[in-house]
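Colleague: This is the structure I want to talk about, given as structure tokens.
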Amino acid sequence: MGLVDCETDDFACRLSATFTLLLPLVGIATAIAGTATSLFSHESLVEFVTREDEDEDELLDDVGEATADTATEPARHADASADEATPLLAHGTQNKSTRITDGRSVVSVVLVLVALLEVSARIALYVRAGVSGDSEWTNVPTLITLLIWTYAAIVPVISPPRTPPYTLLLIYSSNLLGSVLEFYVSLVDPEVTTLSPWRWSLLLQLAHPALCLLAVLVILQMPTRITRAEPTKNAEGLHPALDDWATLGQWATFSWLSPLIALGTKTTLEENDVWQLPRNLRSRILMRKFDRVAKAQSFMNRLLIANARDILFTTLLTFGSTCLGLAQPVLLSKILSAMENSETALDGGLGLHNVMTLFTNPAASLHILASDLGFGWSEDAAVVSAAGGQRGRQQAYLWTAIAFLTMLVKAEVDLQQFYRGRRATVRAKSEAVASIYQKALKRIDTSGAVGVPATPAQPTPKDDTKEQAGKKDAKGDKQEPPKAQTAGSADLGKITSLISMDANMISMFMTFYTEIVQNPLSIILAATFLYRLMGWSAFAGYAAFVFVTPINRLVMKIQYKVVLAILEMRDRRMRSMSEVIQAIKFIKFSAWETRWADRILADRDRELKEVLKHKITQFCLNFVWDVMPVIVACISLTTFTYVAGNELSVSIAFPALLTFQILTEQVAQLPIMIGFMQRVYASAIRVGEFTEEEEVPVWVSALLREEHPAAEAFDERIGFKSATFVWYKTSIKPEKLLADEVKKKVEEEKKANRRSWVQLLTLRKKPVARPSILPDAASGTTGATSTAVEGVSASATPRQEFALRDISVVFPRGKMSLVYGPTGSGKSSLLSAVLGEMKCLEGHVYLPKFPVRLDAETGLKESISFCAQQPWLEHATIRENVLFGTPYDKKRYESVLSACALLPDLRVLEDGDQTEIGENGIVLSGGQKARVALARAVYAYTKTVILDDVLSAVDTHTVSALIRRCFLGPLMKGRTLILITHHVDSVIQHCSYAVRMGNGYVEAHGTPQELLARGELTAEQAGAGSGVDSNDVEPDHGELETADEAGSTEADKQTKKLVDKETKASGAVERKIYLVYFKAAGYWIIAVLCIAMLLQRSSDLAQKFWVKAWSESYESAPIPRQPPFGFPTPTKNPLPYVAVYISIQVFNVFTSVAAEIPSIWASLRASRGLFADMLDSVLRSPSRWFDKTPAGRILNRFARDMNGIDIGLSLNLHRVGHHLISFIIYIGTIVYGVPPFLLVAIFLDLSVSTGPATSPLIWLTSCSDLNRLQSNLNSPIISAFGELLAGVATVRAFGEEKRFMRALFTRLDKCHAAFYYTWMANYWLRFRQDVFPPLMTTSPGLAAVVITQAQGILVTIYWGMQSYVDAEQAFNGVERVSEYIELPPEPPRITENRPPQNWPSEQGGIEFDSVTIKYAPDLEPVLKNVSFKIKPKEKIGLVGRTGSGKSTLALSLFRFVDPTHGKIVIDDVDITSIGVEDLRSRLTLIPQEAALFKGTIRENLDPFNEYTDAECLNVLRAVHLPVDESDENVTPSSSANTESRSSTPRPESGSKILVTLESQVSEGGNNWSAGQRQLIAMARALLRKTRITVLDESTASVDFETDKKIQNTIRDGFKESIMLIIAHRLHTIIECDRILVLDAGQVIEFDTPAALLDKEGGAFRGMCAQSDSFDALYAAAHKTGR
């Protein structure tokens, strides 16, 4: 190509010449870059910059999946072999390179041929030029171009490309664009002498761009990356991520997503329809990399570093997008200037009159149109006249083409920017949630923590786990004052907030941080363009920013405090919700739903008050920044026209207005960005504090320790040496506590030193004492703090905390050891200490925990299996719980089932071991849960087994069976067994070692013989037992024969699901859901909001038309218009025009304010009403519904969905209304200016409603389905966290942390896949809308209005659709909330038929009349035709094997499910005829798993302040809890008024801890032992003192001595009451008036204990005969003649 000779005003020619000169330079740069990259590596430059070790990731991911899923590997390979490339892949997507005979790809051959043709043609033309002597064009640029094409021919030969060669793509695309521009110039101006080598032949002029286009198309068909495998489904049947196999063209247009969107048009998208995540976004890969990133940095900094590549690319793309966006007003100015130059030639352009001319004079019209487009000339006078402004119109069309090309480039840049940003969002969210989960597995267990000390205690040298933070009396006692805070020690409520809101907020930062780049850049570029357009007048308005800055800073400071308050209130509310859901059955059976609802609603009201404050502060920021651009525009235009005396022409006014609009939009984003950044910062602090919490010692967690070689020697001891332990009080590190204390002191000092206004005005200083806030070098505390410590220590008896003191015990290897002692003596604490769950203050702990080491003789691992006192089970099947990640061994599995006495239970269960047991084994009885947990511990190939009181929940017969078959059976041969139990008489003779605990210290230890010799053990205890000879422990062969039958279900049998898949709607949100929200918000408020928005958008349009009239009223205008309203021309006096403009802007601001107020009001009304309705509905749901609904699913509705309604929904609705009204106004304005556009609008409407798969409505359907899936898939993640927190000690003991992490990765990937493809679908639509240009012309004045409206219409369409989708997503939350509002309720709380006030009376009894009960209509009856009568004041014992229906019978009194046949009558009232609240408030239930709530002892005994302190203390005494100072060996516990700031207190040996009404209870009562929790629940029942009381294994965890005392208390305290006592301990019920024996849901015996024991062959006599104390039971039964 050569130089071009152009005229000065010929813009097209000059542009072509410039492009001609730039092409060689671009080619040289591209060639150099490509060559350098090829020398450096075999990848192209872009691949080198963007690759992220994807091959390594892919390989490691495959290895990880193979390791994690060995059990399902055969099925995985079978699935992969059966499934070839998925049919969803479009043509060209699959990574198959088409090869020819020499192995070179077709792509490389085509690229070589194209380049050779280009080179050959140029050489031929050089030869021709030499022959003809024409050497004008043989200059340096053309020679360079020849070299570039030679390079393009050589590169594919040397290095055949497998991925797109971006250097060649740039060469071909730039030449394509240049040739098209050159061709256009040659057509519109043939007289211009181009020195192109193609000028002699039209064929060559067309062949050159055709070859370039062919090469570009070929490159676009190449895959963007090389993968190791073909795209196939995974083991779960999920389709692959097609963006991993997409071609460059599919990637550039996002058409790789079209199959998924097309699938959404045919059917509702379900979980299995969502594709897998791309490999480089999968959480396992991300977390592996994240763990290696800058560990010393803060959490947020680590996230930024880990995602630095995406952040960098997004920043660069944002910079480009901003520049391209600001190019629009510049191009508009050029277009309008060109149209003004041609205005005098033809008025109106393609207006309506020109359309009519097509029919009246078609020839002239076609000539005019051809002339306008720049094709040919005419001698016709009319045509010549019409084409007088030809050059100006050609320039206008060319500028329009450039504007269109700019829009295309911006659309692609935006697409890649959004993709990179959203990719970083997915990565950050995965890293954040996985980090929280990982931290939960590693951090110290503070579930029983009740307070944080004001300053950290001084760590001791032997403190392996950093700082003591005393936690629970686990199993002893320890309390904290109620005002102590557990900051940083996150409970389930806070962690739910962390993963559902905080992690989401942090991840969103990765997308929206671009505003930080875009806003300042946009403001700077806008100011620059305004200066070029308006001169110094443009900056006159910017002075207003100076006055706004102080106001903005003040509001921001207030808003940040409000954000922190919202998060705190939300945590409190979610904590209450979590407590209610966890204890819902107890709350319902106590008729406390209404009172708990009031308590939660009070927390909700406090939260909404903070939300209101936040909305008000946000409104203030919005108002300030909404007004600022208006002020800037008004001042600038006034200065420009009135002060500077310039004319506001069309070519200046509308580009300026468009720039002010861009400025307005960017400035308006500032408060949103500020508020968002504040929330991000607060969330980052919260998540960062959680991830920085203190961790357990390295040897405790598999995620922390490094495995040592198997041959390396190790200490085989299990036990302690001179060790002292306390419970952790907080997981906050000591240095963090100290820093917080110092910060607090600094703030207090600043506040104290703050001078008043009088002092400021009089310049007086305020004298103030300045206490030292620096840490004391000796104590590690501040000066003020150490004084407080001394004061506390000197003035009062220090509060004592439970501790294990001076423990020196070593358990024998390969033998069974026993730990026993009274309730609260520290037995469970001892096991927790050996597992590393307590803080070791001094001494040593020994525990061989090396899973990689195998015992050569037994094949067992040197690791631990553990069964907690409160059995923790996963929400899975019985088999999955028993296996617990261990490979299935049929023989061993069936032996374990037999040894743990589970075979009879499996025979009863319809699905056998495939029965889904629900959250924490909800469908199993207490005994069944204990034995499943025992089976899990026994089945594991571990050499050490630790069991905490597994015998307490099973009956006497089962105790004997477990001792004989399990503890003494072959499965425990060679294994170390450490057992806690109160059944000392039954097991001690089989033990090799015994430890007796007492108040936190070892009272005695040694072999049973040594204890007997020292008098620590009675002869009766040593000689008694289960009658099992340790040498005769063969399992029952009859049982083993049935293992095949009962141990598992048939493979082809369809098992029933306890928990159904979470339901979701399909398609668009139904109209009734909108009405639900509008009704809650208030219809009239919504109407006011709509009117205000309509007025606001109308004022925007009025502003543009006024500026049009203003600009066209100048005397120098091309076609001057008559000034409006009789005003003088603006040339003479612009003030009237300025005044009207300012008035319109003021009205605009007023309507904006008027629209915000009802929006805030409506949002709060709806949030409050919907939450209250959902809470009431959930609390009124039947108990069975809670069995079938995971807690995480419920909490997800109250957390994530309600958060969307609180914050996002009103904003999205506001935006939808804004864009809808704007769209109507835009369409009307365009149709007014360009009437033919009406036909286009109709066509667009038809295409949208009936169009193909690219229709926005079809996209909307797919997005709605994906949004719903995302909400549903988030629930299992929350459930997983709740499940983990409850059983983290068990998981760590087994060393299964990595398996739980893998399970989380799977859940995260599924949830994030729905999130990822939702946003990819959004970008899919946006790109297609961005490339649709509006083509229209009219007169310059009206054209300015029309063009600005047309530019806005595409933005409005996209953002309107996007806002609508966001609103639909938020309404998905309303939809899900509405679903829970409409839950089927249990029977009415109160009916018209209310019982008498004194019902049930002293003379009232209970009658079961042919009662049959089913849990569900499709299930077998649990109680079958049960009939019996209970007399007034009678005490009835309920016994029977596990699963016989004892609990069902007792709970049927509370109507947890109504009888399907028969009736239950209490005191002559059929219980189904009265309300459940009337019924349950007259009954009392004491469950086996006592439900305690966070607070004080008094708040648990009397939650609603109905009794006096004296009455509360009396019931504590009645259950034998140490209450009085006069009790022997009692030490005061934590009070409410003082805080211990000293180091760990050491109680004297033998001292018990005083229980006061102010003693603290942690969430779930975890700071009390299981026995103590049962005693507190018993005290609560004594306080309630109803006529009918049900005790369901309520003393199972209490030692026998205390149990005897409790039974005496029961007889005295419930003299006037009917009592139903369910107990496995026969001693507990032997003195009841009568005993009812159940078997398989039927009553088989019902008589006095004496009569039943005298009945030969009776079931009850058989139970007693199998116990260790038949004679004692017989004597007790006949003692009073019962």
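A Cβ is built for glycine as well, from the same backbone N, Cα and C atoms used for every other residue.
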Colleague: Tell me which range among 58-78, 772-792, 814-834, 1486-1506 TrEMBL lists as region 'Disordered'.
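Modeller: Checking TrEMBL against the ranges 58-78, 772-792, 814-834, 1486-1506, the region 'Disordered' one is 772-792.
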Colleague: Labelled transmembrane segment by TrEMBL, one stretch among 166-188, 396-418. Can you tell me which?
Modeller: 166-188
Colleague: Which range, 21-41, 1302-1322, 1617-1637, does TrEMBL list as transmembrane segment?
Modeller: 21-41
Colleague: Under TrEMBL, the annotation transmembrane segment belongs to which of these stretches: 311-331, 647-667, 920-940, 1277-1297?
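Modeller: TrEMBL lists transmembrane segment for residues 311-331.
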Colleague: Look over the recorded stretches 493-679, 1125-1337, 1406-1665 and say which has the most C-beta pairs under 8 A to the domain 'ABC transporter' (787-1024).
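Modeller: Selected stretch: 1406-1665, with the most Cβ pairs under 8 Å.
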Colleague: Sequence-remote contacts (6 or more beyond its ends) of the transmembrane segment (106-127), Cβ cut-off under 8 Å?
Modeller: 97-100, 138, 142, 145-146, 149-150, 152-153, 156-157, 160-161, 165, 168, 172, 197, 204, 207-208, 211-212, 214-215, 218-219, 221-222
Colleague: Examine the transmembrane segment (533-551) against the transmembrane segment (623-645) and state whether at least 3 Cβ pairs sit under 8 A, considering only residue pairs 6 or more apart.
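Modeller: With 3 or more qualifying Cβ pairs, these stretches touch.
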Colleague: Using a Cβ cut-off under 8 Å, which residues of the same chain at least 6 positions beyond either end of the transmembrane segment (1074-1095) come close to it?
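Modeller: 1147, 1151, 1154-1155, 1158-1159, 1161-1163, 1165-1166, 1169-1170, 1173, 1205, 1209, 1214, 1217-1218, 1221, 1371, 1374, 1378, 1381.
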Colleague: With Cβ-Cβ distances below 8 Å as the criterion, list the same-chain residues six or more beyond the ends of the transmembrane segment (623-645) that contact it, or say none.
Modeller: 530, 534-545, 548, 551-552, 555, 656-657, 660, 663-664, 667-668, 670-671, 1130, 1134-1135, 1137-1138, 1141-1142, 1145-1146, 1148-1149, 1152-1153, 1156
